[in-house]
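Everything on this sheet refers to the single structure shown next.
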Amino acid sequence: MKLSKRIENLPPYLFVQISKKIAEKRAKGEEVISFAIGDPDLPTPKHILAELCKAAEDPANHRYPETEGLPVLRKAMAEWYEKRFGVKLNPDTEVLPLIGSKEGIGHAAWCFLDPGDVALVPDPAYPVYAISSQLAGAEVFYMPLNKENNFLPDFNAIPQDVLSKAKILWINYPNNPTGAVAGLDFFKEAAEFAAKHNLAVCHDGPYSEIAFDGYRPVSFLEADGAKEVGIEFHSLSKSYNMTGWRIGMAVGNAKMIDALRRFKSNLDSGIPQAIQLMAIAALNGSQDVISQNCAVYQRRRDRLVEALRNIGMEVTAPKASLYIWAPVPEGYTSASFATELLDKTGVVVTPGTGYGTSGEGYIRLSLTVPDEQLEKGIAKLANFKSQA
């Protein structure tokens, strides 16, 4: 049987590879402490689970859901956005619930790109931006994110011949993997750049509620002109510890939202209705979980930054996101450091090159590690230094 070229050319997904390595080590009876994947270890709040249990018992929720989501859910999403960011959205035309924001990111490439078009993708970045664009038949132009520019793309460095074919601009702040943040000035610049070059902006903002030291991330849609050129993907996964329930949203430009809705309606049958009702409970209920999460992650951030500095790594504490972006010690590449750390200590980190060539020289560490495991990992890092 011959597979399609798009599948044959598809690289292995980074986090699947990491999970396999972890499983192999554990199968040998070796202890593994993984800082590799940003999957919250904290539980979904009880009042949200209670709504799920109640909804699951109602036979009305056992049938096919509406692809575009319950009207009451879209209303809750719009109200949450206005309350959190001051952004007004029409729940009927500017809000689309998703089976996790990753679904919408994957679909967006098919909605806004044709074969031969160019997608402008940050480097380093969440791999799905580039992979989904390539699956849609587009070429990818990588925009380097460098420390010298605060891990923001330099739009002026994009060649004119690339811009003439570019159709989509991917951006993501607070950023994965760098932990960098962006303000309204940058988002306004992005919106103006997109308007000038007729680009569709897709901003991925799932980490807006994970922030530290009093910092409050902003939404791309708060910037003047943003809704005219783009959409924002958001997720309940990180904010409410709901990665396993798979629910997110796309909001913003009505034409782009309609395109996603049309594409989605032909590929899936929507989000299970009980999970939609669960999401309403999350958005409309107590938001205490968000501040509680941030307190836990900030404590872990501080412990891990201290531990990394103690082994000679010049680490900047992130203002937001679930990640620490750490430069590797002199004499190592990203991959060689990650490999040696795993082999000698059982500590798993993600090499920066897994997110793009501009990630060379860095590793990413996640804060979603239970406190006991975190302390074991810190002890192993100290032991690694003593062996070096």
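Backbone N, Cα and C atoms are what each Cβ position is placed from, and that goes for glycine too.
Taken verbatim from Swiss-Prot:
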- TYR13, GLY38, LYS102, TYR126, ASN176, ARG364: substrate binding site (BINDING)
- SER101, LYS102, TYR126, ASN176, TYR207, SER235, LEU236, SER237, ARG246: pyridoxal 5'-phosphate binding site (BINDING)
- LYS238: N6-(pyridoxal phosphate)lysine (MOD_RES)
Note to self: Of SER101, TYR207, LEU236, which is closest to ASN176 (substrate binding site) if I measure between C-alpha atoms? They're all binding-site residues.
What the structure shows: TYR207
Checklist line | Which binding-site residues sit within 10 Å of the residue listed as 'N6-(pyridoxal phosphate)lysine' - Cα, from SER101, LYS102, TYR126, ARG246, ARG364 | finding: none
Next item on the list: Ten-angstrom check, please: count other Cβ atoms within 10 Å of the Cβ of ARG364 (substrate binding site), all chains counted.
Entry: 28
Next item on the list: Sort out for me which one of LYS102, LYS238, ARG246 has the most neighbouring CB atoms within 10 A, since those are the recorded positions we care about.
Entry: LYS238
Notebook entry, point to check: Reported as an integer number of Å, what is the Cα distance between SER101 (pyridoxal 5'-phosphate binding site) and TYR126 (substrate binding site)?
Noted result: 12
Notebook entry, point to check: Sorted by position, what residues of the same chain at least six away from TYR126 (substrate binding site) have a C-beta under 8 A from it?
Noted result: ILE105, ASN172, ASN176, PRO177, ASP204, TYR355
Checklist line | Surrounding CB atoms that lie within 10 Å of the CB of TYR207 (pyridoxal 5'-phosphate binding site), all protein chains | finding: 26
Next item on the list: Please work out the number of neighbouring Cβ atoms within 10 Å of the Cβ of ASN176 (substrate binding site), leaving out its own Cβ.
Entry: 23
Notebook entry, point to check: When a 10 Å sphere is centred on the Cβ of SER101 (pyridoxal 5'-phosphate binding site), how many other Cβ atoms does it contain?
Noted result: 24
Next item on the list: Name the one residue among GLY38, LYS102, ARG364 whose Cα is closest in three-dimensional space to that of ARG246 (pyridoxal 5'-phosphate binding site); these are the binding-site residues.
Entry: LYS102
Next item on the list: Measuring Cα to Cα, tell me the gap between GLY38 (substrate binding site) and LEU236 (pyridoxal 5'-phosphate binding site) in whole angstrom.
Entry: 14
Checklist line | Cβ-Cβ distance under 8 Å to LEU236 (pyridoxal 5'-phosphate binding site), same chain, at least six residues away | finding: MET242, TRP245, ILE247, GLY248, ALA279, ALA282, LEU283
Next item on the list: Could you say whether, by DSSP, LYS102 (substrate binding site) belongs to a helix, a strand or a coil region?
Entry: helix
